[in-house]
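In what follows, a structure is listed as structure tokens, so that the remarks can point back to it.
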Amino acid sequence: MKLKKKTRAKPKSRLSFGGADEAEEGEVFQIKKSNLSSRISLGKAPGSPGVPSVESSPRSSGPVYDQAYLSQLKASTPTSRPRLAGDESVDMSMSVDGDNSIALAASDVFADTDTAIPSASSIQAAKEKRERLRTTAPAAEDFISLSLTKREDNYQGPHPESRLVREEDELGEAEEEFAEYTSAQERIALGKKSKKVEAAKKREEMQELIAEAEEVDEETIEWEQEQLRRGGHRPEEIFQPAKEVYKPAPIPMETPIPTLASAIGRLTQSLTALTTSHAQNTSTVESLAEERIQLEAREREMREMIAEAEAKRSWFAAFRDWVESVATFLDEKYPELEKLEDEHVSLLRERHDMISKRRRDDDADDLSLFLGTLPVSSAADVDELGRAVEPLNAASRKDRRAARISRRSNRQRRSAPSSDEEEGYSTDSSLAPSDAADYQTAMGGLSLKVRDVLADVQADDFKDPGLGLGKWFGEWRQRFGDTYTGAWGGLGMVGAWEFWVRLELLGWDPLEDHRSLDSFDWYTSLYQYSRPQDEDEEPALGPDGDLVSAMISTAVIPRLVKVVVGGAFDPYSAKHVGRIIDLAEEVEASIEPDNLKFQTLLKSVFQLFSGAVTDMEALVAPYLAQSVPRFDPEAIPARRRILARQMKLLRNILRWRKYTSGKFGIGELGTRLVRDSMLPIAESGWEVGGEEAVRKIADIMPDELLPASVKTRLAIS
């Protein structure tokens, strides 16, 4: 009771961080409480008297709850609401001194008159209890584990069964990352100067923290008031009505009456400003209207462009599908076409071989009549197929001569009565009746096979290229001319049209059939496609140029070369030479003369002439080498026949030289024929027709091509 009644003066709580010598150097910084703490301070209940601790008995470590202890506990429990304490100012002085450690007197900071001080016995009992628990706790287990395995005492993490390694376990606990906030980077000042700097720095930080704490905004005040109202600790405010004070109405200042000039000036300025503003607004509206018109026009253009792009995309998608179908069709039909072309060439080659063999046998018979028969070789001759060739004898020669006379008489009866052709000048390139019938039958079968190539085709687009290729590529050129020209659409169409051109040319013998190129359907279709403008006069070429010339260079000339070399052309036939010249002129009119493929055609004809001259030299050389002339009544006609045939070959060579202007050495070929074949045969019967034949040669040959031996023989200077 004496302790309760004892009153003690409230000392001002001070918190000192420095020594007495530093406190005198400046003003002591005062910490001010917030508005809430300064207005309301909860009263503290009077401290309960110190309850003497019950000394622990040696038999029990816990407190003994006897009647005396319970009475003391009940007396120390407050039963009434604590009173509100008045405003209490707490001054705190801070002084940080590097030389002295920070000292904080708890009794000076928070002075409590009712604090109970534990006795020595209670302190001793608490120490003994802690020591006893420290020694006995590890060995004792207060619970029975239901787990079959014993857990380790150290912490295994939230999922000890998992073998996954967490990122924080692998990389650490980010102590270096948060070192700025955990004082891990702070250094301990050791020197006097560094300690003063550290103390000044700490004072500045404390002042900043206190300044931040004193800054109270309206939201904080409202929140504090709301908390006080909810807790019931807010004192009731008595609102007293403010005393009304009479305030007289202010008297306005005198305003001078405006003059007419100033009013007119203001109106003029206002009118000018309005006029200017109206003009600016009008120009702005006009510019906006023009801009709107431009935007609408641009929008229409964009919409049209989008529509055109969509139409272009859809059209090209359909065109691509159609082109793929055409490619599939050509992949299927091209092998059949090439097979039929090879068959046609083989028929021409077989006919040419038959005619060449018969002519060679006739020439050999004529040579044997005036130069003697060649000695029979011991080894049996074989042909190109390996079959044995029967040796020539007089009987076989007589039979062939009779057959030749029969063919000539039949040809003269079929020809015009006015034709009086000398024997030997006829080409004799016709086949025997049986062979001619077989050849016509084979050509008829070839024509049927050509028609069967498109027999299984039902679509008109694939039967007639004008309805398919012409339609699609023409529409492409008309609608999208820029892309058509840039992609060389015309040449692409020529490449696709080539199949139908070759199919139409299949079976055509250009040296026997006198049809011109412009009589074919493909020529007419390509000519019309290349000139889309239908006018009365000659229509102008389109952007592709003349596709007819492109087709001739691509498909027609290679086919002509293949047919001519394959056996359609006979160098001894004047009709064939005239026809090949006409055909070459027709091709030359469509393409350039220096075209490589056109030069190939000319060279192929030259090679055929060269082969004929070489064969003649090979045939005549053995007979001239033996030099055993014989007397035979048929010798003079035989010599005239062979010279006439060689004369016709020479005339054809000179005619072709005139057209080609002596290309590929065609003139020297004629000179070689006269020097090595014709002149020796003529000299074997100079008085019986040889001289006459040589003089005819000198008349038709140019002086630069006439051999020197002929000039010497005829005494031509």
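Using the three backbone atoms N, Cα and C, a Cβ is placed for every residue, glycine included.
Automatic, uncurated: that is what TrEMBL annotation is.
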Of 285-312, 453-480, 621-648, 677-704, the range TrEMBL labels coiled coil: 285-312
Region 'Disordered' according to TrEMBL, located in which of 39-92, 147-200: 39-92
Of the residue ranges 1-26, 209-234, 339-364, the one that TrEMBL records as region 'Disordered': 1-26
Non-local residues, at least 6 beyond the ends, that sit with Cβ under 8 Å of the coiled coil (285-312): 479-480
Confidence summary for the coiled coil (285-312), mean pLDDT rounded: 94
